[in-house]
Amino acid sequence: MASSRYKDKDAGVVLSFNGQWISWTHTVVAYAAFLSALIIGCALHYHKIVKNEWYGYPDEWFPSVSATIGDRYPERSIFMIFIAITSGPRFALVGLWYLLTAKPGRVLPKAIAISGVIRTLTCGGWTYITSTDDHDWHDILMILYIVFTIPWTTGCIALSPPNAKAIKYRKWIAGSFFGTLVPLVYFFIQHKVHRVAGAYTVYAFFEWALILFDVAFDAVTALDFDTFEVVVKDVKGASKGANASSVPAAVLEKEKEKATAGVYSAGFNLGPALDIAADVYHGFVFWSTLTSLGLVIWYFPLWHMGISGYEAFVMATISPVLLGIRPLRSLVVNNQRLFHVLSLAGLLAYKVHDPVYRLFTVGFGVFMGCLAWAATWSSDSVHPSRLESRVIAWLAGLLMSSIAKFAWYTNNPIWPVMHAENGGWNGTGLVLAILAVLRFTRKAPLNSWGVSEQKNGSSLLSAIGIGGLFFAIHSLLSDTSTMILWVWGGFPVRGPVSNVHAYYTIAAMTGGLLIGVFRPGMVTKWTAYGVACVGAAMLTLYEQWFGYYGALILTTYLMAVAVPMISKAAKKNPAVTFGVGFLFYNLLVLFHVWVVAYAFVPGGPYVREHTDWIMLTTMLTIGAGVFDLVSGQASHKYAASTDRRSSSFGHRKYHVGILGLLNILFLVANFLRFPSYDYKPYHAEDRLFTAGIWTIHFSLDNDMWSSEYRMRDLIKELEVDVIGLLESDLQRIIMGNRDTTQFLAEDLGMYVDYGPGPNKHTWGAALLSKFPILNSTHHLLPSPVGELAPAIHATLDVYGSLVDVFVFHSGQEEDPEDRRLQSEYLAKLMGSIPADRPAVLLSYLVTKPLEGNYNTYVSDISGMHDVDYTDWDRWCEYILYKNLLRTGYARVSRSTITDTELQVAKFIVPKDDADKGRILAASKEQRDRRVEEQQVPDGWRFPALFRGEGVRGHHYHVFDEPRYYFYF
């Protein structure tokens, strides 16, 4: 080519060859890297690379990407050579794309280019650092690559030049890529969790499809880069926005906007983005404070064993009624910053160590938060866009709270029961909250007392609807595991699991919120309400997946209808819609406590065990709000006013971006929490397991701190393999909607059966085991007068032998008939298993040794023996066993974690029929023969750590040292 042709740089000369070659080179070399590794791997190491942790050929017959490019020579080396070659065209492709799409003053092309560079670097990271080299860094870089693929893909679609064919291909390929993720995850779970033969082969096909789609998406740039010629000369003006297509530019722009939900359509500005981020974080702070109120209130009736008087603080939420007083409303509306700042007192409460004053501080924060948010909504009601932005932020704050709780194993890191010692991030959260509230309140109020409220509809109906809505989203959506535990039915797993499937709840919440914003007319109809009622009935009446499908339907509806319902309520008298609304919310909160605490509260027996009544009442109250929405064609007016695509609603793209980011963060946390299921007992070489029973007092210690970390430390140091936890059901508003078993199981490496769900009206019984739980059933024992008595009957695979474990919490001392009936039921249940099968009871019996119901539990009917019948100083906790060699028993003091000690016992599982025969033939005197610690092997001994004064307030007590037994 003539040099004179490129003398003038202004003519557009950038590089010296046609841009298409960048795309084609990248495509060919990238495909060559993967396909050459696949061909060589199958030729040289086929049976090795199709084998996984569970199965090999012929059950699995196609290798995954990771197995193909993994550790074997020469395929790994050849793959890395091609990937190194690919990096040059890859960086050039990202650079050319930036040059093609960059426009003066536009930030988005720069952001997409940066994401493309990071994505390229992380690709190199996870391909060159295999899981064998460094498993953690391999996973981290893989996650980052997937995360940055999302903005790269959507950004490329949004920035596409006016080329109809390229836009079409990008949409199809991107849709195929993201659509493939769903079956990919499904078959991975089938392989990893359910261990289905052949599932990993199907997973491998979808994994390879992702590679093909990923490279193909970037190959589409060849259709755009032909505008660049010889380093690269812009001969068509595409980088200047010219439309060389036969399709009108307006049509193509609409296609791009439709494909990306309009997220990038109006440009990007840092200021509005920070505003939205601050709004959402401030919404997160509100929900963090509100969800902590019930938890700090619960501490007092818990320790008083009945109504304490502090329950009155639940009424802190009705503060918006003060907006009915003209001077006060004017004061609050015109000084919103002050009241929002005061609401941060709830975050400062962790600095208050006295439980009473900490409750006062949290109550004050909730009081101010409810008052300030109601005033803000009312003030902004004259501006539809600003009101919508506030409502979305508040609901996105709920989503963020649920995500944070998932990442922190159902605790919120900025709750007042958290601090640095138990995983709290209170200081960081408070600093961010101050910055967020200052930005949240930087705009002047738009409305004051002088502007009359909207008269369309009934304020009372709206208040009833708001009360039911707020209760529903708080009780069901403030933690991703709540509804999953509603439908939990035990092992084998036949439904969703909290640390695997919780994202479905997050996805439904996100989808519902987007529907409420972009298509409010879909949910402001009686048809949608009827579908939601069906979903509520499915959740209430059914277990496993069918019940959870109902939960997802209800979740989507609640988040969707919340947008128009709150927006409509904000245009009326806030003292009624939000003040009275929170009153109805409080009544429902008390109702849903009464159904389980009926034995301790006035009028409790009338509503005992009636979660169905609560759900019915909740849906009826929401129906009142829907009636107000649809009356007078209000829903049509609202839909018309909020569905328009004007520049005043530009905040939506930032909210969509925030929602996308929150979903990504959840998926990262979900990936990090994915269970390994490779749990190992402490003393497998001795065929020994340590079993324990502990009443954990709802995971609040004596000083009102969340106690999971301290429980974890004691259980780990005592080397407990199987443990029953009682008073473990925390899935109610008053208890913070928590689940201690998730943290303990994942941190200690144990399988977990949560026990009867929160809709079964018990105080909870859970089982954690180092050994696989093959089967488990849940029982509600006869309780005609007092509280329900939960029990778990589980069959474990202990060193290849079946061992049955029972976890049981008896009724109260005040209800002797209940306890008698329960003892008979449980004795028959324990006696119903095969006569020679080993079994252990981990229980709370409420009886004296050798007296009363004790003789029913320890009887010929049950076949069970007391772990030590000479231990006379017992009333609550007992360990019973049969067909096992008991070698040790100890009682460990509780410190300040709970109100009950931890009892542990050691057992050896017979290894053959001869051992089993000797155990069955042993007399009572032989079974109970005591020996000194020096007479048993080291692996059979309890830790010396807890002798004497012990550690952290834990020590062997009652008889001050472990007891040992042996007769073989």
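Cβ from N, Cα, C; glycine included.
Taken from TrEMBL, the feature domain 'CWH43-like N-terminal' applies to 19-227. The average per-residue pLDDT of the prediction over the domain 'CWH43-like N-terminal' (19-227) is 83, rounded to a whole number.
Sequence annotations record features per position, and here TrEMBL assigns transmembrane segment to 21-46 (among others).
TrEMBL lists 78-100 (among others) with the feature transmembrane segment.
Counting residues 6+ beyond its ends, the transmembrane segment (172-189) has Cβ neighbours under 8 Å at 153-154, 157, 199-200, 202-203, 206-207, 209-210, 213-214, 216-217, 220, 259, 500 in the same chain. According to TrEMBL, the transmembrane segment annotation covers 172-189 (among others).
Residues annotated as transmembrane segment in TrEMBL: 201-223 (among others).
If you look up TrEMBL, you'll see 284-438 marked as domain 'PGAP2IP first transmembrane'.
Marked as transmembrane segment by TrEMBL: 359-379 (among others).
Marked as transmembrane segment by TrEMBL: 391-411 (among others).
Residues annotated as transmembrane segment in TrEMBL: 423-440 (among others). Counting residues 6+ beyond its ends, the transmembrane segment (423-440) has Cβ neighbours under 8 Å at 274-275, 277-279, 281-282, 285, 288, 337, 340-341, 343-344, 347-348, 350, 408, 411, 413-416, 709 in the same chain.
Taken from TrEMBL, the feature domain 'PGAP2IP second transmembrane' applies to 456-629.
Only residues 6 or more beyond the boundaries of the transmembrane segment (460-488), in the same chain, are considered here, and those with a CB under 8 A from a CB of the stretch are 287, 290-291, 398, 401-403, 405-406, 410, 495-498, 501-503, 505-506, 509, 539, 542-545, 547-548, 551, 554-555, 558-559, 561-562, 565-566, 568-569, 572, 576-585, 587-589, 592, 617-629, 731-733, 737-739, 742, 754, 757-759. Taken from TrEMBL, the feature transmembrane segment applies to 460-488 (among others).
If one looks beyond the transmembrane segment (500-519) by at least 6 residues along the same chain, the residues whose Cβ comes under 8 Å of a Cβ in the stretch are 189, 193, 261, 388, 392, 395-396, 398-399, 402-403, 406, 477, 480-481, 483-484, 548, 551-552, 555-564, 642-643, 652, 655-656, 659, 662-663, 666-667, 670, 674-675. The transmembrane segment annotation in TrEMBL covers 500-519 (among others).
Residues annotated as transmembrane segment in TrEMBL: 548-566 (among others).
Among the features that TrEMBL reports, transmembrane segment is placed at 613-634 (among others).
Residues 139, 143, 147, 150, 261, 263, 272-273, 275-277, 280, 389, 392-393, 396, 399-400, 403, 406-407, 499-500, 502-503, 506-507, 510, 513-514, 517 of the same chain, all 6+ positions outside the transmembrane segment (654-672), place their C-beta atoms under 8 angstroms from a C-beta of that stretch. Marked as transmembrane segment by TrEMBL: 654-672 (among others).
Sequence annotations record features per position, and here TrEMBL assigns domain 'PGAP2IP C-terminal nuclease-like' to 687-937.
Counting Cβ pairs under 8 Å to the transmembrane segment (548-566), the stretch among 21-46, 78-100, 613-634 with the most such contacts is 613-634. Sequence-distant contacts of the transmembrane segment (21-46) (same chain, at least 6 residues past either end, Cβ-Cβ under 8 Å): 57, 63, 65, 67-69, 72, 74-76, 78-79, 81-83, 85-86, 89-90, 92-93, 96, 208, 211-212, 215-216, 218-222, 225.
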